[in-house]
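Colleague: Below are the features listed in TrEMBL for this protein:
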DOMAIN    19-83  domain 'DUF1899'
REPEAT    92-134  repeat 'WD'
REPEAT    142-184  repeat 'WD'
REPEAT    186-227  repeat 'WD'
């Protein structure tokens, strides 16, 4: 059944949804921005024209893509480090082009991946208490894209599996533990990929593309399972995400440039389960989904509001709940995982809204009189433990997330360091066209040369690291001296 909101242009989307008075424990969810002293101030948020969220958060850190001269950088701040952030605060600055997307690893709160205009993906290990010096050396650099990388997304249940998508219209799935690209989907998209979303157990992905198609793909079989042409007819960017029940939720634009949202069943993509028209704003709607409560939060880039909806299996399927509004438009948005919320205050979501010069947390709460733990608001949620190892997933296994209870709150455990074990290229079988060359070289000589080359390479890498560290330190020193000069001049 298709449910459409086709009322006149004077009718705002929320009013059309309010006609259905229904019982829901989330009807009175309200959003509240924190006080000024709990914001992160004086941050130069990136001005890159790319429709990603520019912000990623977890129970330990908030990461924000920032303006950087001579390359790309992002800030990583411990959650408690609120207030004014010093201009000389260390950054993660190893990319040679602007950073376009960042994503925290769901299984290790100290590991973050970044994609950049320099065509690389880098994976970083953040020290337990945050950065004291700028970080220039990633744990691993993943090279395989021929154009800028605008999307990075970790696998929800398998350890060390990372997906990246670039403007070369290719999706690559990496085993970060070995630094290898194991799946390359380079012939499925004829145009730019707007976003990629994993399903709950990570067996499928769905993508929205500039060719107006929404695709559901089995990445290991490298085949398209379902596809919808012109999911939204407008020319502006779409988004598609998987819901916990396997349905796909999309946002996009109509032919008349009205913003739309739709719900699809991948087993039958002919018609949407529901299709709603919202307003005529031109900001791209970024959807954030909470599988525990079935609530979707829509944050439009350039909007000053967050709309939220409950997804149910009864008509009209997508139920409008409320809108959080503020004065300032948002440049980007971070969404805290459930285990990072304060269950004692009935907090069901926390967003980190990026302004031009600051990051402002917004807390969504369900009002309750009781101080007791609210079981109905907090079913067991995805914890930090991986259900599978990377090798198991690549071999074909699937597993749902390992769930944890939030009854006594979430206490972050010790994270193990990310180790990358590169496979020895000499152990792999030579390709047919190189076989004759390799046979003519005695094995011992090849091994000796390899050891010497590796030693030389290590030496060069150490020297590069030393020079980069010196440059970062000098930058910090120059910045401090400039501040002192400014004070004296004043």
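Cβ atoms here come from the backbone N, Cα and C positions, even for glycine.
No curator has checked TrEMBL annotations; they are predicted automatically.
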Colleague: Just give the helix, strand and coil counts over the repeat 'WD' (92-134), going by DSSP.
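Modeller: Counts, helix then strand then coil: 0 helix, 22 strand, 21 coil.
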Colleague: Looking only at the repeat 'WD' (142-184), report the model's average pLDDT.
Modeller: 96
Colleague: Can you tell me how the residues of the repeat 'WD' (186-227) break down into helix, strand and coil by DSSP?
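Modeller: Counts, helix then strand then coil: 0 helix, 21 strand, 21 coil.
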Colleague: Under DSSP, the repeat 'WD' (142-184) has how many residues in helix, strand and coil?
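Modeller: Summed over the repeat 'WD' (142-184), the classes give 0 helix, 25 strand, 18 coil.
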Colleague: Mind checking how the domain 'DUF1899' (19-83) divides into helix, strand and coil residues in DSSP?
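Modeller: Once the DSSP states are binned, the domain 'DUF1899' (19-83) shows 3 helix, 24 strand, 38 coil.
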